[in-house]
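> One structure is given below, represented as structure tokens, and several questions about it will come after.
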Amino acid sequence: MTRHFLSLSDAGGDTIAAMLNDAIDRKAARKDWPKARPDADAPLAGHVLAMIFEKNSTRTRVSFDMAMRQLGGSALIMEAGSTQLGRGETVADTARVLSRMVDAIMIRTDDHAKIEELAHYAEVPVINGLTDLSHPCQIVADLLTVVERGFALPGLQVAWLGDGNNVANSLIEAAGQMKFTVRIGGPAGYEPNAGFIEQARAAGAEVILTQDPAEAVKGAQVVVTDTWVSMGQPGGEKHVAAMQPYQVNAALMAQADPRAMFLHCLPAHREEEVTNEVIDGPQSAVWDEAENRLHSQKSVLLWALGKL
Ligand code: CP
Ligand code: NVA
């Protein structure tokens, strides 16, 4: 069976735990330079990852490329606009052709149905590098950052503030898999996907929706936010006004657990969803979180290619 990674549940909780352990071990075994030196075992030597981008990216692009180099393989970037996909070649035909030439495909796209179609027709693993629905690779990096700081996942209390977007959906999915609690603080009409909430609750996780930002962060060990307007989504002044009470600032952080860490997948819109004081402050783990995209994605790639 081809191992696609479209969502965290494609891997499952035990595999995610194994990915985190593998990422911790590989990270510890590396010196931080030279950055592209392959890991001693070079487990993906000779392997190539094709990366299709239909939306902008800094972290996902660089971390997947560097992950492949460190695993002994390589990556090639396909900006959708300069490929035949951008001129109307079908997703199915693209999947068939790439499967003959590369070992795995990562795609960042808008409509989640497109990645499902790609996976359906691909004979090599397809990895979700963000869709409008979810961003599972980001959450593996976030979990790694949390574990690295000494927090155990089962029983953890996580607060999400602001827009119930793709990253929030994957965080909720992770809550179900790794058995932690998520409290979502955001305005009415911007709730995360109902299917993800139901699935996490059915798996035994507590998922609480509130419009009170203080209730969301109370006692939380992890406070997370993201842009108020995701790529390709409509924004506007009314939207920003509705989000304002959910800004993560020092006053809100003070209501969380005193040991609470702050996470943001980045890019940040400083002084909108988070103040400079918080993102640049002692509780912020955002730079470790960004670096951990690299380490955690190595584990995702190894699992998808049957090496983990
Ligand atoms: N967090 C994240 O996915 O960043 P990029 O959009 O830069 O890839
Ligand atoms: N929610 C954001 C995440 C960017 C990495 C977006 O989709 O634009």
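Going from the start of the chain as shown, residues are counted 1 onward.
Just so it is clear, glycine is given a Cβ too, placed from its N, Cα and C backbone atoms.
Given the structure is predicted, the values throughout are model-derived calculations rather than measurements.
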> According to TrEMBL, Asp226, Ser230, Met231 bind L-ornithine; which one of Asn166, Asn169, Asn276, Asn292 is listed for that same site?
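L-ornithine site check in TrEMBL: besides Asp226, Ser230, Met231, the record includes Asn166 out of Asn166, Asn169, Asn276, Asn292.
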> Determine which of Arg37, Arg96, Arg149, Arg293 appears in TrEMBL for the same carbamoyl phosphate site as Ser57, Thr58, Arg59, Thr60, Gln84, Arg108, His135, Pro136, Cys137, Gln138, Cys265, Leu266.
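Of Arg37, Arg96, Arg149, Arg293, Arg293 joins Ser57, Thr58, Arg59, Thr60, Gln84, Arg108, His135, Pro136, Cys137, Gln138, Cys265, Leu266 in the carbamoyl phosphate site that TrEMBL records.
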> Anything within 10 Å of His135 (carbamoyl phosphate binding site)? Look among the binding-site residues Asp226, Ser230, Met231, comparing CA atoms, and list what you find.
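Within 10 Å of His135 (carbamoyl phosphate binding site): none of them.
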> What counts of helix, strand and coil residues does DSSP assign across the domain 'Aspartate/ornithine carbamoyltransferase carbamoyl-P binding' (3-148)?
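Going through the domain 'Aspartate/ornithine carbamoyltransferase carbamoyl-P binding' (3-148) residue by residue, I get 73 helix, 21 strand, 52 coil.
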> Any same-chain residues 6+ apart from Arg59 (carbamoyl phosphate binding site) with CB under 8 Å of its CB? Would you list them in sequence order, or say none?
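Once residues fewer than 6 apart are set aside, Arg59 (carbamoyl phosphate binding site) is near Cys265, Leu266, Ala290, Arg293.
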> So if I take the binding-site residues (Ser57, Arg59, Cys137, Arg293) and measure from each Cβ to the nearest atom of ligand 2, which come out below 6 Å?
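Among the binding-site residues listed, not one has its Cβ under 6 Å from ligand 2.
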> Measuring Cα to Cα, tell me the gap between Asn166 (L-ornithine binding site) and Cys137 (carbamoyl phosphate binding site) in whole angstrom.
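Per the Cα atoms, Asn166 (L-ornithine binding site) and Cys137 (carbamoyl phosphate binding site) stand 11 Å apart.
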> What same-chain residues, at least 6 away in sequence, bring their CB to under 8 Å of the CB of Gln84 (carbamoyl phosphate binding site)?
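Non-local contacts for Gln84 (carbamoyl phosphate binding site): Thr94.
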> Cα-Cα separation of Met231 (L-ornithine binding site) and Ser57 (carbamoyl phosphate binding site), in Å?
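Answer for this pair: 10 Å between alpha carbons.
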